[in-house]
Amino acid sequence: MGGAVVDTGDSGVKAPDGGWGWAVLFGCFVITGFSYAFPKAVSVFFKELIREFGVGYSDTAWISSILLAMLYGSGPICSILVNRFGCRPVMMVGGLFASLGMILASFATNIMHIYLCTGVITGLGLALNFQPSLIMLNRYFSEKRPLANGLAAAGSPVALCCLSPLGQVLQYQYGWRGGFLILGGILLNCCACGALMRPLTGPKKTSEVDEKETETKPKPKPKLLDFTVFKDRGFLIYTVAAAIMVLGLFVPPVFVVSYAKELGNEDTKSALLLTILGFIDIFARPTCGIIAGLKWVRPRCVYLFSFAMIFNGTTDIVGSMASDYPSLVVFCIFFGISYGMVGALQFEVLMAIVGTEKFSSAIGLVLLVEAIAVLVGPPGAGRLLDATKNYMYVFLLAGCEVVLSALVLAICNMLFIKRKPQQPDPPAKMEMAITETEMEELNKATKDDQDNVGGENGKKQAVEPETITKSDAKKVEEPESTGVDSVEVENASKKVSEANGVVVEPESSL
């Protein structure tokens, strides 16, 4: 890797907003799909694992929980590695880890091996791909970044719609061991996506002198993890709001199928609700990205994000009153719209708050905080369900948590994040000051002229009006170069005011 270009932060190169950026967007689309959909797709094999190892459903559910915990909790580790080695090498290694974990899990002899291989190793590999792909997307897009984030986020519902049926086919044809082995091979595509993450480089130096100067200047070492983001009020507000939001955001998709079964619906009919939710989500994310990119919306993207969370939380609260299957279908439609809006905006808002240079550290720290909430949210809702035996309270709690996060984000931004009034530049200030001074002198001169018509000309000549232009000054200097007497030039450069107030240019009559 001696000749490799390490993308260690803001390279000073303007984001192309296209070109190779579309290849980066495609890679981010695939990685986002694997990262969010894979923990849910693995649940297809849970029945086979229960039968194979003689464990309970709660034991197998830990596989998905560990996967998500590694995806979120290893954020700071990913930030350090990205700041040290760059995005492309980290993603290539992450793809190998993700594939290796599933391949090793296919030879497991007990559930602990599945925890270690699928949960820890594959989860770490997906984390090493997910975070760097978002960082590269942020570097390649600036003006079109909201749209790019929306398209990349759409990878999650698309992959979920593809991986879940694929997992069922693999389980039926090859069993869970063969399915894990094939999924491990599919995850090698993460390496291909990592290869697409070409770092941005500046224009090449054409002069040898410039190259020597750049070599002599010591390059500052990038911070492995920049904790100065905590000094930013906007980042602190976002982190607190995101942690509260994650407590309830993922609860409805986990419990909606069980809710439908509780109402007496068939398993296939109940599972169709997630398909409806995912289908709506596919179109909601890019659409929200387009809306967020509008000129009058983008500066207020934080408040659009708050609206999306309020929309999502209100949908949960209203959905808690569902009493039949059609009402659950309506709930899934509106939840898919609001869930897609939140998914499309959450990282766009973070990018807008911290900027490109600090985004690699900021996203790692945010994901670490969210990891704690992810581990607490769904299990806490499950305990509430065990205590009350009523899904209504679960959806109510989730909705209140998401609405609370929206209020925290919006109100704190209005109170503590104030826009600085636009002040004129220093050159503009100097120009205004000079103009005011000259106007005052000119007004004094005209007042004296009116009071002393035909009086002393010396006082009038003492004040030089601003109407002499640079071109006039050049014209005055020309005779001096041809040998004209300096006194004559000085007299010719001055304006003579007549009694009727008409200003005569003597040089025009020469």
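All residue numbers here begin at 1 and follow the chain in the order shown.
Backbone N, Cα and C define each Cβ position, glycine as well.
All TrEMBL annotations are machine predictions without curation.
Below 8 angstroms of C-beta separation, residues 63-64, 67-68, 71, 91, 98, 122, 126-127, 129-130, 133-134, 136-137, 140-141, 148, 151-160, 162-164, 187, 189-190, 192-194, 196-198 of the same chain, each at least six residues beyond the ends of the transmembrane segment (20-39), sit close to that stretch. What TrEMBL lists as transmembrane segment is 20-39 (among others).
On the 0 to 100 pLDDT scale, the domain 'Major facilitator superfamily (MFS) profile' (21-417) averages 85 in the predicted structure. Per TrEMBL, domain 'Major facilitator superfamily (MFS) profile' is recorded for 21-417.
According to TrEMBL, the transmembrane segment annotation covers 60-82 (among others).
Annotation comment: TrEMBL describes 102-126 (among others) as transmembrane segment.
With a cut-off of 8 Å between Cβ atoms, the residues of this chain six or more beyond the transmembrane segment (147-166) that come close are 21, 25, 28-38, 40-41, 44, 133-134, 137, 140-141, 274-275, 278-279, 281-282, 285-290, 292-293, 340, 343-345, 347-348, 351. The transmembrane segment feature in TrEMBL is assigned to 147-166 (among others).
Annotated transmembrane segment per TrEMBL: 178-197 (among others), in sequence order.
Feature annotation from TrEMBL assigns transmembrane segment to 235-260 (among others).
Listed by sequence, the residues of this chain that lie at least six past the ends of the transmembrane segment (272-294) yet keep a Cβ under 8 A from its Cβ atoms are 143-151, 153-154, 156-158, 160-161, 253, 256-257, 260, 301, 304, 308, 328-329, 332-333, 335-341, 343-345, 348. Annotated transmembrane segment per TrEMBL: 272-294 (among others), in sequence order.
The transmembrane segment feature in TrEMBL is assigned to 301-322 (among others).
Taken from TrEMBL, the feature transmembrane segment applies to 328-347 (among others).
Residues or ranges marked as transmembrane segment by TrEMBL: 359-379 (among others).
Per TrEMBL, the feature transmembrane segment maps to 391-416 (among others).
Residues or ranges marked as region 'Disordered' by TrEMBL: 443-510.
Residues or ranges marked as compositional bias 'Basic and acidic residues' by TrEMBL: 457-478.
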The transmembrane segment (235-260) touching the transmembrane segment (178-197) per 3+ Cβ pairs under 8 Å rule: no
Selected stretch (most C-beta pairs under 8 A with the transmembrane segment (235-260)) from 60-82, 359-379, 391-416: 391-416
